[in-house]
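Read through the structure below, which is laid out as structure tokens, and then see the notes.
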């Protein structure tokens, strides 16, 4: 397996980043589960950034398979429902690993819940070493604890891995004052503060994740994952996005 690198002259803004995407992003137009062509398309977006020499961490939600809050709302014990959601993220991580490795990118799935036969346990120093070797690290099973979202897990791992930013791939090209899919007069922020996101409930991430990013001065870049080349373009200083910062 080989992995092509970008020419040394290619200028990028970041050396190490965290990409956070929802499980629903892997569904395509389906209502449930994984849509292999969509998984492959997202893998190619990651490949384009990897070719720039950027070290990539990745966290994927599990909502396309099971969402803990929904299970809890239907009468299931919240802790059990959350653990089921964590297992769903492992399934998504394995699917993305297969897609990335089919493109020649060395990838490691690292789980907060030990399951040695399918992925590595989370050991911070080992994960950092993988990144230094230009392997993509997919962090699965959230934080390993119930009551924490994958947004919070992504922010935690981004801080532990010393990432320079979190890239939140969504259905829209940034943060808006209201849902642009419902309101034609919705306005996009170029930049917005962590506190404003919290005060106005802008829906960037959950409150715990935003507070953790704020307390560690970790920027959040919100962009459209549906825009071809969008992830790579932002790293080249192009494209449309919103930057959440202090």
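Glycine is treated like the rest: Cβ placed from N, Cα and C.
Here the structure is a predicted model, which means the values were calculated and not measured.
Note: residue 20 (ATP binding site) has non-local neighbours 58, 59, 60, 150, 151, 154, 166, 167, 168, 169, i.e. same-chain residues 6+ apart with C-beta under 8 A of its own C-beta. DSSP assigns residue 20 (ATP binding site) to a strand segment in the three-state reduction. Feature annotation from Swiss-Prot assigns ATP binding site to 20, 21, 22, 23, 63, 67, 170, 176, 179; the stated evidence is sequence analysis.
For residue 149 (UMP binding site), other Cβ atoms within 10 Å of its Cβ number 20. The feature UMP binding site is assigned by Swiss-Prot to 62, 82, 143, 144, 145, 146, 147, 148, 149, 150.
Counting residues 6+ beyond its ends, the region 'Involved in allosteric activation by GTP' (28-33) has Cβ neighbours under 8 Å at 64-65 in the same chain. Sequence annotations record features per position, and here Swiss-Prot assigns region 'Involved in allosteric activation by GTP' to 28-33 based on sequence analysis.
Taking the Cα of residue 62 (UMP binding site) as the reference point, the closest of the binding-site residues 22, 170, 179 is 22. Annotation for the binding-site residues 62, 63, 143, 145, 147: lowest Cβ count within 10 Å of the residue's own Cβ, 147. Within its own chain, residue 22 (ATP binding site) has 60, 61, 63, 64, 170 as residues 6 or more apart in sequence whose C-beta sits under 8 angstroms from its own.
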